[in-house]
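This report refers to the structure that appears directly beneath it.
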Amino acid sequence: MKVVEVKHPLVRHKIGLMREGDISTKRFRELAAEVGSLLTYEATADFETETVTIEGWNGPVEVDQIKGKKVTVVPILRAGLGMMDGVLEHIPSARISVVGIYRDEETLEPVPYFEKLASDMNERIALVVDPMLATGGSMIATVDLLKKRGCTSIKALVLVAAPEGIKALEAAHPDIELYTAAIDRCLNEKGYILPGLGDAGDKIFGTK
């Protein structure tokens, strides 16, 4: 599995701000979208382009445009919604495919409860967004679902990843790509990333 830890100074700075314990909901939400935008920039760097001729202000001009498969952004509910606008900032025409999965706090296992995917998943590149890759369970379950629906090109975008989650995701889906703003130290006994960001969903939505 291709794993890219984006070490751009802006990304490192913004993730550092998100680690503040008393950060406001508004600020955390803004930063989640901003880092999601920067991760999208990295994740789409290998998109192919083609030269087309358009009518410019002074006659015909050749320009580059993205070609190939169309994109669908796949936020994992609920926290993934906080990164979605950052993706759409760069790819406003992307279809939105939604997957609902929550983690059982006792077993730490993923529990699917909702899905609404683009009808032509086999023709699309899926950019799956979820702030935290902890145990990897939710991301693995989401990729399982996307593959069952025919999607063969999948990139996962997360704010923070734990080594345990990366290892589990790679074992389950070695053919996808992972882009993360930070790889943190480890998981605690409750499956939370250390040092992490806390509960990203609670911080994005302001509710527990």
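Keep in mind that glycine also has a Cβ here, set from the backbone N, Cα and C atoms.
The Cβ neighbour count for ASP130 (5-phospho-alpha-D-ribose 1-diphosphate binding site), using a 10 Å radius over every protein chain in view, is 27. Annotated 5-phospho-alpha-D-ribose 1-diphosphate binding site per Swiss-Prot: ARG78, ARG103, ASP130, PRO131, MET132, LEU133, ALA134, THR135, GLY136, GLY137, SER138, ASP199, in sequence order.
What Swiss-Prot records for ILE193, GLY198, ASP199, ALA200 is uracil binding site. With a 10 A radius on its CB, ILE193 (uracil binding site) counts 27 other CB atoms from all the protein chains.
When the binding-site residues ASP130, MET132, ALA134, GLY136, SER138 are ranked by how far their Cα is from the Cα of ASP199 (uracil binding site), MET132 comes first.
Mapped onto three states, the DSSP output places MET132 (5-phospho-alpha-D-ribose 1-diphosphate binding site) in strand. A helical conformation is recorded for ALA200 (uracil binding site) in the three-state DSSP classification. The binding-site residues shown are ILE193, GLY198, ALA200; of these, the one with its CA atom nearest the CA of ASP130 (5-phospho-alpha-D-ribose 1-diphosphate binding site) is ALA200.
Each residue contributes its Cα atom, and for GLY198 (uracil binding site) and GLY136 (5-phospho-alpha-D-ribose 1-diphosphate binding site) these two points are 16 Å apart. Taking a C-beta cut-off of under 8 angstroms and a sequence separation of 6 or more, GLY136 (5-phospho-alpha-D-ribose 1-diphosphate binding site) has the following same-chain neighbours: GLU164, GLY165, ILE166, LYS167, ALA168, LEU169, ALA172.
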